[in-house]
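These come from TrEMBL:
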- 39-610: domain 'Choline/carnitine acyltransferase' (DOMAIN)
- His344: active site, proton acceptor (ACT_SITE)
- Lys420, Lys424, Thr425, His426, Lys427, Met428, Ser429, Pro430, Asp431, Ser457, Arg505, Gln556: CoA binding site (BINDING)
- Tyr453, Ser455, Thr466: (R)-carnitine binding site (BINDING)
Amino acid sequence: ELGIDLWYKVKPCGRLVRPVAPTRIPGRYLSHQEGLPKLPVPSLQQTCERYLATLEPIVDEEELSHTKELLAEFQKAGGVGERLQKGLERRARKTENWLSDWWLTTAYLDYRMPVVVHSSPGVVLPRLEFSDRQGQMRFAAKLIAGVLDFKTMIDNETLPVEYLGGKQLCMNQYYQVLSSCRVPGLKRDSVVNHAHRSRPPTHITVVHNFQFFVLDVYNSDGTPLTVDQLYMQLEKVWSSSLQTNKEPIGILTSNQRNSWGKAYNNLIKDKTNKDSVRAIQKSIFTVCLDAPMPCVSDELYHSRAAVQMLHGGGSRWNSGNRWFDKTLQFIIGEDGSCGLMYEHAPAEGPPIVSLIDHVVEYTKKSEMVRTPMVPLPMPQKLRFNITPEIKKDIEKAKQNMNIMVHDLDVKVIVFSHFGKNVPKTHKMSPDAFIQMGLQLAYYRMYQRCCATYESASLRMFKLGRTDTIRSCSIDSANFVKAMDDPAKQKIEKVTLLEKAVKAHRAYTDMAIHGQAIDRHLLGLKLQAIEDLTSMPEIFMDTSYAVANHYNLSTSQVPAKTDCVMCFGPVAPDGYGVCYNPMAEHINFAVSAFNSCNETNATHMAQRLEEALLDMRMLLESTPKAKL
């Protein structure tokens, strides 16, 4: 035991440093949190001016001039805007973060669409070399040990503090992802976190063939089970869940939130069911041992794995092998597919990716610990009493899930021509370069610009979550319109691209420093609701609806691991685009809905490849001397 303890202490932190920002150095969590600045409330005038600028490329002139009038009215001295702004500033003084509670509620807990596809992201990890259950169990055991290793740093508050541009980042989200779970409500959900209880949970849940098990992952002396012990326990789980005809109770969690809230209240009336549900909610995380999915060609493998991570493939495949409310679910298929999905309410992608990077590194190591030959208790199967009414709820959830599965179109591409290296050679931000590629791809497909959402981290501030980088700007519109215009000289196109990239970089910088417009506008709107005053006209305006209809919802989620995150579109006629830029290639996941005739994930992915290649060609074929 001493060896294990010592090994944790001397384990070098160096391996944890990501090549991409943010970087980390060791530090105690709470004392660090205290020193973080509070999220500022931007000035009203600044937000109104910047809002108008972002509207210019996406609304017509008539709408724009109407919005100008409304904004002038809104900003009048002693007017509505000023009153709401003062209310927000008061809220900022009284709370740790004026936005975080509001954001959790409005963006997640009040949202009534299913968490599957509409909210929870999936992550596809590199394909593994096994194709049988022994390999599946062996890898699952290593993965569990890796997560517990990361958990030790969380528990001891020795997680190295992350930095971005020399500023410390809020580490709170790391403390929210383990031992937590979303709980459905009839009108609003909640999140429970058992990590901070006086007796925190010591078990995980494992699900196989739709059957849930409680697996204790710590010995009585508090040391984690070794990989060998975990392997033996997983074998026991596997061999006591061979029946494939069990009711997929977990599929209930994929339903529309009000329906699931109703079914949930009904389900937990029974004490056995209530205890089983509580055991899942309390567990540190969940491991889903999946049945093999339909075989596809190597080229389509990543896209198939993405849908497996996002929704499980439908009721006849693995969609019942989940508890979608669980914050963290690791998914390991018998066929070597591997990844995870997470419930979005408690955290964003970067902390999840940090955990992944740690776990993937851990699974590559050979085991160092000798396994004590102690007999271990049988993992406990969770029982559910299924009444005819619950059976009906399950059937309905299956139908709804299969509709969602058929509607979602996901295309994962590995853009192999270049990665961060090319934009960097031209002294451009890789993220801004990729975003301009997206703008160009969209413009070529639709001959118009659209409202584009890219998430920006607010973790420089205490309890910070995200704000929006609006990638569609006056400068990006000028570039995409010029790119295919034969009347324009190459040199002019390059200048416009450089200007667009710089503008994106500047907006990003503004956003991470708490000076973007979207959360501020949301705050003013929520302040009006809280004050019980009539809704200001700027929020009833067509322009506001257009600005918040994101045909492109995008996110850069960089990782050391060669993985890709994926999520569904946020608009019925939109795309979800997530990407991980590596040094010499870029992993992209593009999603769209089949029910929309105008969108097509494969076409968008192809256009994106073409756009990036054309942009490189433009830069490389324009002599440097002229620039």
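Cβ coordinates are placed from backbone N, Cα and C, and glycine is handled just like the others.
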Which residue, of the recorded positions His344, Lys420, Lys427, Arg505, has its CB surrounded by the fewest other CB atoms within 10 A?
Lys427
Could you give the mean pLDDT over the domain 'Choline/carnitine acyltransferase' (39-610), rounded to a whole number?
94
List of residues, in chain order, with Cβ under 8 A from that of Thr425 (CoA binding site) and at least 6 apart:
none
His344 (active site, proton acceptor) to Lys420 (CoA binding site) - Cα separation in whole Å:
27
Other residues with Cβ within 8 Å of the Cβ centroid of Tyr453, Ser455, Thr466 at the (R)-carnitine site?
Glu454, Ala456, Asp467, Thr468, Ile469, Ser553, Ser555
For Ser455 ((R)-carnitine binding site), write down the residues of its own chain that are at least 6 apart in sequence and whose Cβ falls under 8 Å from its Cβ; none is a fine answer.
Glu348, Thr466, Asp467, Thr468, Ile469, Thr554, Ser555
For the CoA binding residues given in the record (Lys420, Lys424, Thr425, His426, Lys427, Met428, Ser429, Pro430, Asp431, Ser457, Arg505, Gln556), what is the largest pairwise C-alpha separation in angstrom?
26
Tell me which of the binding-site residues Ser429, Thr466 sits in the most Cβ-dense spot, judged by other Cβ atoms within 10 Å.
Thr466
Among Tyr453, Ser455, Thr466, the record's (R)-carnitine binders - longest CA distance, Å:
11
Using C-alpha atoms only, work out the spacing between Lys427 (CoA binding site) and Tyr453 ((R)-carnitine binding site) and round it to an integer in Å.
24
For Tyr453 ((R)-carnitine binding site), what residues in its own chain, 6 or more apart in sequence, show a Cβ-Cβ distance under 8 Å?
Thr468, Ile469, Arg470, Ser471, Tyr550, Leu552, Ser553, Thr554, Val570
